[in-house]
Amino acid sequence: MTTSKRVAIIGAGPSGLAQLRAFQSAAAKGEEIPEIVCFEKQDNWGGLWNYTWRTGLDENGEPVHCSMYRYLWSNGPKEGLEFADYSFEEHFGKQIASYPPRAVLFDYIEGRVLKANVRDWIRFSTAVRWIDYNDETGLFKVTVHDHTNDRVYSEEFDHVICASGHFSTPNVPHYEGFETFNGRLVHAHDFRDAREFAGKDILVVGSSYSAEDIGSQCWKYGAKSITSCYRSAPMGFKWPDNWEEKPALVKVDKNTVFFSDGTSREVDAIILCTGYKHFFNFLPDDLRLKTANRLATADLYKGVVYVHNPKMFYLGMQDQWFTFNMFDAQAWWVRDAIMGKIDLSNVTKEQMLADVTERETREEASDDVKYAIRYQADYVKELVAETDYPSFDIDGACEAFFQWKKHKGEDIMAFRNNSYTSVITGTLAPVHHTPWKDALDDSMEAYLRN
């Protein structure tokens, strides 16, 4: 059964799907839930995990959402992101290795929502154009473009949940000489196939996960050399002999790149692994989240409630150690807030802002990686404790992350060959049948082969 309340969810990626599953879970227990409408601009669910060969614009002229590439494997252990209510073993019928390729993770994400039967709540190929809030009626007007029928229309909702992600709008810096660079210049968002760079000398600009993984992919598929450059600190791993880290890029002159230490090098391609922006071009200033990519997002009470309009929620806007299970914790909490099981009416704006400040202060208390992982783990625990989301061993998930960091430090090109224990089933993952550097086929069939 549904109440008269209407809820709009923006996006059917992992966060939006978590929200659909949360409402479906309540409905399955006999609770009355609001009418749910999820708008998704792509023709399928999965968000970033819904791979496309396209770059730039999609078939409808919308900016391509996908930032994933062929041969992408999870860069963190699956034991840190497993759904508490749907294990990898339940989905695949057996335990699988700890670092699955993209296609395997997409299949896992899809399996849970197929089981929950929530697809009818999603309007695919429907891009959100604008959202307004009317103070007099207390309703949001959501204007969308239905590409299937080439129709623009508006509907009203009591609540809006923004689950559109923040890893699809690239941050593209400019360096002197880019205009006359003679090689390939591409942002990680548009990187699709490492084989393109086989036999080439490449420069990777950046020192975070994209730089680490895209550089590693290019190494695996035969790049002649990799140079990566950093603005603040090197990644500092034990790189292969043909990979060197340099300080900040200063300028480019044709195919020569110059660094802040006075050195230079000839390269055939430059890959910008320079991050992404929180970008919401469908929201006015009074509804639009403005935050850096951090663990304690600005202006979000409990990390999800928009303090300037508590009828609006944001999911998954944090920098992330935990992913799918954190999105679940947030989605269950938002569901209960909307359904009145968590009472926001007596929380003042001042109290919400104080909550945000307290979270920021705690985040900034240390720059230690283990501290950051535990910080986000405590956040997940906090939300889970306030809802009926299935409890799971969050500390055990932290241990998987700690081991992952240790294994990366030991051998950055072999860390995916390790295995960890599921915190949901207690089963140790098998070691994958082929070492990562030799596993050139990333298909699900090849991965699941015994």
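Cβ atoms are placed via backbone N, Cα and C, with glycine included.
Note that this is a predicted model, so its numbers are computed, not measured.
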Swiss-Prot NADP(+) site partner of TRP73, ASN75, TYR175, SER207, SER208, SER210, ARG416, selected from ARG54, ARG151, ARG192, ARG231: ARG231
For the FAD site that Swiss-Prot assigns to SER15, GLU40, GLN42, LEU48, TRP49, ASN75, VAL128, GLN320, THR323, which of the candidates HIS65, HIS308 is also assigned? HIS65
To the nearest whole angstrom, what is the C-alpha distance linking GLN42 (FAD binding site) and ARG231 (NADP(+) binding site)? 35
Shortest C-alpha distance to SER15 (FAD binding site) - which of the binding-site residues SER207, SER210, ARG231: SER210
Would you pick out, from the binding-site residues TRP73, TYR175, the residue whose Cβ has the largest number of other Cβ atoms within 10 Å? TRP73
Counting all other Cβ atoms within 10 Å across every protein chain shown, which of the binding-site residues SER207, GLN320 scores highest? SER207
Students should find that the Cα atoms of GLN320 (FAD binding site) and SER208 (NADP(+) binding site) sit apart, in Å rounded to an integer, by 13
Considering each pair of residues in SER15, GLU40, GLN42, LEU48, TRP49, HIS65, ASN75, VAL128, GLN320, THR323, all listed as binding FAD, report the largest CA to CA distance in Å, no decimals. 31
Taking residues TRP73, ASN75, TYR175, SER207, SER208, SER210, ARG231, ARG416, which bind NADP(+) in the record, the widest Cα spacing (Å, whole number): 34
